[in-house]
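*Asks:* First the structure, which I've put down as structure tokens, then a few questions once you've had a look.
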């Protein structure tokens with residue numbers, strides 16, 4: 001703690017400075033008093049001079065009368081002497097008048113200077129007082145923090161768990177020719193997996209992309225084999241669930257696989273996040289974050305609810321009816337998709353598995369009346385929730401976190417069934433990221449949203465200023481389909497912890513899974529005695545969405561999607577001047593510097609592009625490679641991409657590397673962009689077209705594609721693909737690489753790889769995008 005005190009405010013020095021300034025102020029007052037006395041003396045002398053002058057004039061007058069009665073000679077002599085005296089006195093009078101004016105000017109100037117100096121001293125004194133108060137507040141906060149740390153250290157370590165398995169992972173073999181200054185996309189030294197520092201902020205859809213995986217060139221390991229260390233983890237339900245899930249996952253995957261990424265994921269899962277193991281010690285966490293009144297005793301543990309078993313369609317061995325030409329409106333051409341006796345009025349949505357084209361369910365689309373009713377329900381209970389205590393909000397989030405870590409099997413199965421992604425993509429892209437957001441909110445929400453003081457100026461010296469964070473009211477989140485669990489739960493978490501109600505408008509492509517995920521939130525509210533209507537799900541076709549976006553009852557809009565739809569949402573929000581936050585497309589570039597060790601990072605490059613079949617907002621679509629290592633990069637990627645396997649995680653064949661795309665509507669456009677690039681000089685080394693799966697010919701598969709020699713003159717360089725397509729561009733220098741990376745309208749994110757820390761930092765600071773990894 002002494003180190004922190006040294007960096008704080010020097011309280012004694014500030015007090016000495018105040019005393020010094022006070023002494024100077026007193027001296028200035030004394031000088032001003034002396035100057036005032038001098039001015040009084042000068043005024044007295046001038047008055048005396050004027051009196052003498054009047055007396056002499058009287059003498060002259062008398063002398064003149066006397067001269068009239070005496071001789072003329074004597075009279076002339078006396079008169080001349082008197083006149084000489086009179087001239088001298090007039091001259092002295094002029095001099096005294098000038099001195100008087102000068103003294104008055106000096107007095108005015110010194111008075112003004114003294115006033116300004118006094119104001120400055122008052123301001124310095126107030127500033128010093130504020131610094132002392134801040135110093136005292138810092139000491140109080142440090143004391144609280146130390147007490148919390150001591151309390152945590154005293155807790156039973158064997159009962160504590162973390163969202164990441166607290167197991168020791170042996171570091172992977174150190175790659176050859178890697179210096180200690182190796183830098184990855186986040187401009188950090190990463191010479192081995194054990195050096196990866198996972199922060200709360202890092203858990204986004206692309207977390208997996210930034211973890212370097214090392215594999216000897218002569219060794220191949222199965223993608224779906226997640227190593228479990230021999231060391232026994234602390235006994236906890238979370239660890240037992242995860243270890244069981246990993247064991248089952250490994251048991252089902254014994255085939256060698258060239259993708260070689262799950263080993264890295266296993267290591268990531270077993271690393272502690274921020275060095276904490278804070279699952280079973282939620283009482284300590286809640287004690288730190290609860291109201292002051294609650295700090296004397298731990299809050300009770302949040303209630304949990306029974307496992308939310310999804311319908312049979314989520315079962316890995318489930319087989320449904322195969323739709324010949326699957327789409328959202330397949331029920332219109334195939335009435336047999338309607339359940340017997342079901343209401344056929346109104347619009348419906350056909351839900352199917354994109355990887356198998358098997359029918360899942362038929363869901364009724366919300367109409368304008370349904371949407372308005374849901375808005376009213378959410379609005380009606382928001383006022384009560386806005387006044388809720390931190391403990392009530394945290395209890396709901398704790399219950400939701402408990403469900404996420406306990407029902408991981410069901411969560412993964414549901415996400416895979418509705419999107420066609422692989423299980424590893426669902427586990428890390430959906431579950432871990434969402435759980436980490438809840439963890440972060442529980443830890444930081446109260447301190448971030450607490451009132452904060454702000455400085456004022458001299459005119460407001462008698463006032464104080466504070467920032468208060470108040471709930472907005474009813475929030476709307478219109479989210480994309482690529483991560484149905486994370487995209488729907490993430491805005492709900494933010495809304496609930498800030499005292500807001502929330503309506504999630506889920507994509508019609510994932511209506512089935514979104515209904516289950518949002519239903520879990522409603523159940524978490526219910527078991528904690530809160531109103532489940534606080535959260536609402538809307539699933540509808542695009543022509544009805546304006547009922548939501550133009551509603552006067554919506555207080556804030558979040559949108560995740562395409563640029564075209566984003567413009568429409570922003571325009572609709574402007575009708576009622578509603579604030580909105582919009583995340584649109586990305587054409588992310590990864591700059592591969594000539595110092596990059598390609599062997600060390602090649603698996604990371606694959607994950608960066610082919611995660612979720614390339615349907616990742618901040619996935620890498622453009623690899624800009626330095627000319628000196630360009631051929632080596634292309635050769636390594638070709639050897640790896642040509643062995644990637646497409647398929648579904650359902651059924652017995654779970655050994656897959658790349659899953660299905662959500663729809664086949666863009667296949668023709670993708671093939672057109674690739675063919676146009678080839679005409680302009682690009683080369684397709686692998687893929688480049690749609691793929692017909694031998695077991696699931698109606699599934700939406702596009703071949704993992706490697707397109708090289710791409711230039712900025714090609715349309716594919718600029719258009720967002722959102723597909724499993726890796727484009728490779730040659731850069732002649734670092735400066736050229738930066739220029740190519742910035743040549744896009746979709747600068748959502750970016751990345752830089754290399755072993756030179758200074759060069760990586762230079763590139764990162766010059767990339768024009770939302771974030772650099």
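All residue numbers here begin at 1 and follow the chain in the order shown.
Cβ atoms here come from the backbone N, Cα and C positions, even for glycine.
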*Asks:* Looking at the candidate ranges 254-273, 274-293, 294-313, report the one that TrEMBL labels region 'Disordered'.
*Replies:* 294-313
*Asks:* Which one of 11-45, 46-80 shows up in TrEMBL as coiled coil?
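*Replies:* The listed stretch tagged coiled coil in TrEMBL is 11-45.
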*Asks:* According to DSSP, which kind of secondary structure is residue 583 (active site) found in, if we only use helix, strand and coil?
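*Replies:* Looking at the DSSP assignment, residue 583 (active site) belongs to a strand.
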*Asks:* Near residue 583 (active site), which residues of its own chain have a C-beta under 8 A away, given they sit six or more steps off in sequence?
*Replies:* 559, 560, 561, 617, 748
